[in-house]
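Colleague: Structure in structure tokens, see below.
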Amino acid sequence: MSPILNSAVLVSLGLLPSLLWLSYYLRKDCHPEPKTILTKTFLMGIIISPIAILLQLGFVQLGQIFQSDIFSQNSASFFLWAAFAEEIIKYSAVALIVLRDPAFDEPIDAMIYMITAALGFAAIENILVMFRIIPDGANAALSIWALRATGATLLHALSSALLGYFLAMSWFFQDHKKKLVVIGITMASLFHMSFNVFLSVFENRLTGLIYSTSLLIIMAFLISILFDKIRERHKQTSAGAVLTATPIKRELNFIKK
């Protein structure tokens, strides 16, 4: 296989899990988002991802300079700082592209766009991993690909969906938007960190895989519930707004007569 074709295959494999999960979660939105904005958000997730790599390298350097376990790799604190950095960066991708765009016209859009940016972020991670692993052989690369497709890629989608839920709630509580975003980033980071810790802390890799997979299943179920809650709350508030506006319209019609 030629180097160009080989690279194309690796890039395609890296993108595929993100595109599959994205197609699944886009179905959660009854009013589909503009493809142009979705594409921009996905690409921004890719473009902004190197910042996370630089920050993580910075954490490692700090650990070496100060001889502190707080920033040492494979420690819970390192996973926490890294998770915070990644969740803030994914939120920034959405803030840059979507939050002021007219397409962001429903609370549920917050979860959809956060997932989209996260899957762009995950795509570039997957591509880089594929290029790093392929020298070990096709079988090793496919095994890692399968684990990342059902693990790390879904992790990014779910953690950002959780943050997206709190961003969606700020639609109803405008005065508390900043607090809700901070809570969302914190909750998403703790979930993100927990997954990585489970994979690293156990000497038996199978045990770590069982714990991390269980966490993903629980969170996937929770995110499904949160989608329903946001959708239902929006219906209730929209219905309330219509009922409030109706008497005013009737009064105006009476005055016109």
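Just so you know, glycine gets a Cβ as well, placed from its N, Cα and C.
Predicted, not measured: the structure shown is a model, and the values here were computed from it.
The feature transmembrane segment is assigned by TrEMBL to 6-25, 37-58, 78-99, 111-134, 154-173, 180-202, 208-227.
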Colleague: With Cβ distances under 8 Å as the criterion, find the stretch in 37-58, 78-99, 111-134, 208-227 that has the most pairs with the transmembrane segment (6-25).
Modeller: 111-134
Colleague: Can you see whether the transmembrane segment (180-202) and the transmembrane segment (37-58) are touching - at least 3 CB pairs under 8 angstroms, only pairs 6 or more apart in sequence?
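Modeller: These two stretches do not touch.
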Colleague: Report, as numbers and ranges, every residue of the chain located at least six residues beyond the transmembrane segment (78-99) whose Cβ falls under 8 Å of a Cβ in that stretch; write 'none' if there are none.
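Modeller: Sequence-remote neighbours of the transmembrane segment (78-99) are 37, 40-41, 44-45, 47-49, 51-52, 55-56, 59, 63, 70-72, 109-110, 113-114, 116-118, 120-121, 156, 159-160, 163, 167, 181, 184-185, 188-190, 192-193, 196-197, 200.
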